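Features as listed in TrEMBL:
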BINDING   40, 244, 246, 280  Mg(2+) binding site
DOMAIN    31-305  domain 'Pyruvate carboxyltransferase'
REGION    437-569  region 'Regulatory domain'
Ligand SMILES: CC(=O)SCCNC(=O)CCNC(=O)[C@H](O)C(C)(C)COP(=O)(O)OP(=O)(O)OC[C@H]1O[C@@H](n2cnc3c(N)ncnc32)[C@H](O)[C@@H]1OP(=O)(O)O
Ligand SMILES: CC(C)C(=O)C(=O)O
């Protein structure tokens, strides 16, 4: 790169429009949409689509709800020409859809374009010629008058050829290519000259399309240019003011949105921003941005993955995993604080209420995405994500302090693996850590007897201890208390939670205890069993085993002198 890029590149000259009004406007309705996937998108592909792919794309676009589709540049190739013929001859264009075709302002190419459209029920003929100083000087070697003349001659021919074919319902579009790099007053002069030729009416409007052929300035400059044209165009009530933003600076969507605020009526673009260089403006993003504001865009992305797969097949280009609204990862949170907020948001979100889940601008279900992939766990994750997956897939509702404790276990796993862990892998780690922790004790069976007066119970618990069968007996104000007293290690239960998982005959109880055994730090034990008391006792055994594993010195604890404990074997 140059030390001083100003020697090579000039800054864009802003538009003088001190009384601009667009910053105060909001978009409250969708624009008219034109998909140019089959033309601008297609001309930018490494391998342009053949007929079969074009048909697939055309059908997709009609299913999405596009009413105007630029289907080809018929004078460019036999494939494009044949495709238009096929649509017409096989009557594939739905009655409410207008096909549009593009032609340069050259007589031979305009005539060939009309040949392709022979017999069409309805069509938009779109002609372009570049108007900017560079094109005038370098490409056409024409002065301004010559370029106006090129546009006028071309549109006159189009008008005549259309008049010779009254069986078709015609509409017309003109683009001053490289509009954003054209002097505004000259762009206006060319557009007004074309308007004069085409004599549009409010009922039969002319489309004037003002392309950011190459995006060269910040989006506010495009908005200023559009507002200026909107104010100055002749016969504005007979004009559809159309946008055609490209994305060279990565601000195509912003430019389109600000330009709509500035008075435009229509947007041309491609699905997922395919198109020349960095692409045309992404129509999916524009539409879904509206949707996220509560405005139906009139385009349907109920199954956005199906749309994405079809576009990937037709274009042979992948959609980026972080592409707005459609990428594989855009509804997924790996990082801990995001997962925590999403989990809490989901818990509070009522089905018919306004969407208020943090970090998710829309409900993934609205575009056919499941909640499956919303939270995924790697080394950046925290307790929220880990416990969300355990609850979603295994019904385990971990108490808060256990969430914290277990997330450290998972952190060690993800750090060691250096990759994502699945819900199943998390559950396996949970099972190893809490449901089957290594340790001296294994719960076998129990029997509880209520003692006279009803305030105390006696419990008899059968355990396996290092391969030996043992029966412990203890008393307490409940089975857990009694079992704790029966153990030959000092155990204090600090917290207890339980819930059921499943229903009917398959229901199980899950018990979570936080306990302190001997000198070990407080930690958790978990037990699962169809019987709630058995689940609780298993939870104590799990906690004790884990404590002993963490404090090996305690493996042979001295029996406590407790009158409520009796060791029978
Ligand atoms: C910004 C855009 O996306 S515009 C659309 C661009 N799309 C395409 O170009 C894809 C299809 N294009 C093609 O297949 C070919 O370029 C064709 C069929 C249109 C023309 O092919 P060719 O006749 O071989 O000409 P070529 O491609 O070299 O085009 C350059 C010529 O067209 C002229 N030209 C370029 N744009 C226009 C225009 N909009 N109107 C009139 N003439 C034009 C150039 O001045 C040049 O003329 P010259 O040969 O007298 O110097
Ligand atoms: C033909 C025009 C509309 C075009 O594709 C562009 O300027 O990018």
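Cβ atoms here come from the backbone N, Cα and C positions, even for glycine.
Remember, TrEMBL labels are computer predictions, not curated facts.
Taking the features listed in TrEMBL, we show where each one sits on the structure.
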residue: 40; record: Mg(2+) binding site; Cβ neighbours (10 Å): 23
residue: 244; record: Mg(2+) binding site; Cβ neighbours (10 Å): 26
residue: 246; record: Mg(2+) binding site; Cβ neighbours (10 Å): 24
residue: 280; record: Mg(2+) binding site; Cβ neighbours (10 Å): 31
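Listed in sequence order, the residues 36, 211, 212, 213, 245, 268, 269, 270, 275, 276, 279, 281 complete the 8 Å Cβ shell around the Mg(2+) site centroid, once 40, 244, 246, 280 themselves are left out. DSSP assigns residue 246 (Mg(2+) binding site) to a strand segment in the three-state reduction. Checked against ligand 2, the binding-site residues 40, 244, 280 give 40, 244 in sequence order as having a Cβ less than 6 Å away from one of its atoms. Each residue of the region 'Regulatory domain' (437-569) gets a DSSP state, and the totals for helix, strand and coil are 33 helix, 59 strand, 41 coil. Confidence over the domain 'Pyruvate carboxyltransferase' (31-305), given as mean pLDDT on the 0 to 100 scale, stands at 98.
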